[in-house]
Amino acid sequence: MRLHTSLRLAAVVAATALLATACSSGGGDETTDGSTGSGEKVELTFWTWAPGMEEVVDAWNAKNPNIHVTVNKQDGGDPAVTKLLTAIKAGSGAPDIFQTEYQKIPTLVSSDALADIADVLPDGTKDHFAAGTWEAVTLGSDAVYGVPQDSGPMEFYYRDDVFQQLGLQVPTTWEQYAEVAEQLHTADPTKYLGTFSATDAGWFTGLTQQAGASWWGIDGDAWSVEINSVQTLKVAQYWGDLVEKGVIDNKPMYTPEWNAALNDGTQVGWLSAIWAPGVLEGNAPDTAGKWKMAPMPQWDGDNATGNWGGSASSVTSQSKHAKEAAQFIAWMNSDQEAVNILVSAGGLYPADIPGQAEALANPPAFFSNQPDFYTLAGQIAQTVTPFTYGPNVNVAYSAYNDEFGKATEAKKASAFTDAVQAMQTATVDDLKSSGFTVKD
Amino acid sequence: MTTTELAASAAAVRRRRRLAPYGFLAPAMVLFALFLALPIGYALYLSLRTVKVSGLGLGKGARTEIWAGFTNYTAALTDPEFIASVVRVTLYGLLLVPTMLGLALLFALLLDSRRTCGKGVSKIAIFLPYAVPAVIASLLWGFLYLPGVSPFYYVFEKLGWDVPDILSAQWVVFAIANIGLWGGVGFNMLVIYTSLKSIPSELYEAARLDGASEIGIALRIKIPIAMPSLILTFLFSMVATLQVFAEPMTLRPLTNTISSTWSPLMKVYRDAFTRDDIYSASATSVVIAVATFVLSFGFLLLVQNRAFAQESRS
């Protein structure tokens, strides 16, 4: 007979912990006495899944023989967080440095996985970043839980050739976007201007952020949850209407089918973020030079956009060399040489503002037809509206997957707004049952 | 050597003999304790605990683990998501198990029949899907299910047939059961076929002398004698059904219709690794383990007399 569930689960946990321990051997705990006097070599491990990290670490290691960093590649954001939290619970096995997606910072801080590096960061690090980005790593407190690496301001990507062929105007408002979506789908019923993806919670979050929503808030000693705010409901209603009319597709993104649709011109537009060129290059190689990027369609004429993706680099609470680790992450994310490598080898959009001009001189190869790509992107990036993430983003996001999965399948606008309410309930209930103080 | 010395060494030998069995048992016992008993005990312990957060829950010491009593269990048993997942998996099992065992029995009987040609090749062809890991199988089938990239849907479209999307809400359970069917028939066929092979050929000769047809032999001799192996395969299939995880989990990103709590084990996974609530996940997994245990042994008790009576009589 097969192993029983409970012990299989336990075995998985145990195996993960063992694996995590094994992975970190040769990591920070090698220098046993923890003293970091000059001349002594410090070993740091760095868990990341972003491309190009080996190159930037090689540059650091060449210049800093006494602080040696080793990259340990991870599968992606979610599995890495699972592994880190397991290591934190086990009491050992965590790396010194960890790539943290912005929306995961409150969860990780709440699990005591990240170190406060306010006292060990080099002076002036803060001045390299936009105020909104910096707030994401401080959570509005005096503590600093990481240094921003890249950000993902959202833009509208569209097939310029198809737009010209069908005589479509690039939409600048959401009203126009709906019209263009209908015109396109009427002109060619196989084509869609986009899809509403129930598997990408971060994408929907970015869309509501643009509309002015902020799903969590801190009020003294209590959290507030405002997922069901008028702004979120407005966005849900809007997309529900489009899906109900059938002018927007209802299939998830990042499936083989969606990749094929981007490549063969079935999907004519994509509301995405600054890292989209890399995805398009990988998933739709036949469409090189046919795409263009424009600012997001707007709600009321006020220039705004949301964020989708982006990470900071953090020092974990288990690191014995927080000072050296902080030096490294500050250099990696705010030194011109490092920022150039982040862009050239990693294709990231750096959060470091002073370094952007030099690093982003040329457009991405896939968008060579749009020479002012990064000039435009830079203007858009300044319009990101503030947004606060809470300590149970994971719960809200998994509720999004389940509730919007049902709604997109039902193709009813009313189901979209119901899904928002269900997310609110699930998120508040989870906070309350964990004992958080929640403001009603 | 004096007599006392001899006696002493004999006692030593006896003592060693007495201890020897424990020595042989030790490796198994240690492994059992470390990798079976201890994790079960730990899961039981965790299922009675929970975490309480104070204030904003940020910073050190904001989370403390406390005793929860049976609240995790009551929460698990009254969770509509959990009950819905049990209902879905029951439907999945009702679809999968009879079809899979029916096909497995049919193929086994065909392979065992005297007139069948190409037995070796057919056996391997039917068994091979079992060797494909469930995750790989689900990825492959996932491609075939997506109308945009599926060769099947391409052919349907060329033929002018309007075939519904198999990943849509009302069909998705068939899509998942089909993967289980594809992978499971071969294994079950082999178990049944092996038991058919052990039937003495005199029985067939006697039956043929009495004028029984091939179908008559299959129905009246082969199936009754293969009954214990059918029961065994049914038991395996039932346990596998309750624990279905890899197929829906792998198909999930491809469709809107598979929720993160589609099957009971997926709910355990979500609670433990997405919601970071290992405590309620432990409670749910204990509930699933107990249910599996009760169902398996209940079923065995029910069929024991009927199925194994022949064996004990003979």
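Along the chain as shown, residues are numbered 1 onward.
Placement of Cβ uses the backbone N, Cα and C atoms for every residue, glycine included.
The domain 'ABC transmembrane type-1' feature in TrEMBL is assigned to B:86-299.
Annotation comment: TrEMBL describes B:24-45 (among others) as transmembrane segment.
The annotation transmembrane segment is assigned in TrEMBL to B:89-112 (among others).
The annotation transmembrane segment is assigned in TrEMBL to B:124-146 (among others).
Among the features that TrEMBL reports, transmembrane segment is placed at B:166-193 (among others). With a threshold of 8 Å between CB atoms, the same-chain residues lying at least 6 positions outside the transmembrane segment (B:166-193) that come near it are 88, 91-92, 95-96, 99-101, 103-105, 107-108, 111-112, 123, 126-130, 132, 134, 137-138, 141, 145-146, 226, 229-230, 232-233, 236-237, 240-241, 244, 247-248, 251, 254-255, 257-258.
Within the same chain, residues 89, 92-93, 96-97, 100-101, 104-105, 108, 133-135, 138, 176, 180, 184, 188, 191-192, 194-196, 199, 263-266, 269, 288, 291-292, 295-296, 299-300, 303, 307-308, 310-311 sit at least 6 positions outside the transmembrane segment (B:225-246) and bring their C-beta atoms closer than 8 Å to a C-beta of that stretch. The transmembrane segment annotation in TrEMBL covers B:225-246 (among others).
Only residues 6 or more beyond the boundaries of the transmembrane segment (B:278-303), in the same chain, are considered here, and those with a CB under 8 A from a CB of the stretch are 43-44, 46-51, 68, 72-73, 75-77, 82, 231, 234-235, 238-239, 242-243, 264-265, 267-269, 271-272. Among the features that TrEMBL reports, transmembrane segment is placed at B:278-303 (among others).
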Exercise. Residues sitting near the transmembrane segment (B:89-112): Cβ under 8 Å, six or more positions beyond its termini, same chain?
Worked result: 119, 122-123, 126, 173-174, 176-177, 180-181, 184-186, 188-189, 191-193, 196-197, 218, 222-223, 226, 230, 233-234, 237-238, 241-242, 244, 263-264
